[in-house]
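Student: Quick one: structure below, then a few questions.
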Amino acid sequence: IVGGVEAVPNSWPHQAALFIDDMYFCGGSLISPEWILTAAHCMDGAGFVDVVLGAHNIREDEATQVTIQSTDFTVHENYNSFVISNDIAVIRLPVPVTLTAAIATVGLPSTDVGVGTVVTPTGWGLPSDSALGISDVLRQVDVPIMSNADCDAVYGIVTDGNICIDSTGGKGTCNGDSGGPLNYNGLTYGITSFGAAAGCEAGYPDAFTRVTYFLDWIQTQTGITP
């Protein structure tokens, strides 16, 4: 997250940290005690994932943290890495996690938020373009929803399955935030998907997978509904 602030510890208790094949880092959202929602580009081709829940400082072994390894995940069957479409995946935990003050599920929205609504992506991704690694602590930033038309004018690959934010002023998501939630009013409206190659602080829009567009897919895979 660039241009943001450190989150209050455990204030986003659905936020998951994903260590994929001991090589890649992503975020995710706990949508039930046994299911994590994340991005396809995080899980495509993966062998296993260590899911960390209840974390704030990801580089410390906090008492609130629970780590569960999973090899059971489903990437959307029509995920296309070239145009970054259908960028959604779910991970099934082998044992349902015990919910605590620091570990909770997040709801899915049944309707969308309008353009201009201020929403909050969260994650441990790079805190600046010059950062050498992911953030130690969970970070957040408040940003407005922008229209898909304006977003597509920049990228040319934005579809109804996306929702975008205006990152003017260098506020938005960055490498390592992928798969994490776009939070608003206690629900997650998006899955962090892609941004501009020019850099996270360059002010170009950030694109997310639009959760409402994939509600049927999520229900088919997990049985979970809004």
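Cβ atoms are placed via backbone N, Cα and C, with glycine included.
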Student: Need the cross-check against Swiss-Prot: the disulphide partner of C164, picked from C151, C200.
Tutor: C151
Student: Could you list the residues of the same chain, at least six apart in sequence, whose Cβ is under 8 A from the Cβ of C174 (disulfide bond)?
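Tutor: Correct list: I1, V2, G125, L126, P127, S128, D129, G195, C200.
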Student: What whole-number Å value do you get for the CA-CA distance of H41 (active site, charge relay system) and C26 (disulfide bond)?
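Tutor: So the Cα of C26 (disulfide bond) lies 10 Å away from that of H41 (active site, charge relay system).
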Student: For D87 (active site, charge relay system), which of these disulfide-bonded residues sit within 10 Å, Cα to Cα: C26, C42, C151, C164?
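Tutor: The disulfide-bonded residues passing the 10 Å Cα test are C42.
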Student: Reduce the DSSP letter at C42 (disulfide bond) to three states and note it down.
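Tutor: Reduced to three states, the DSSP call for C42 (disulfide bond) is helix.
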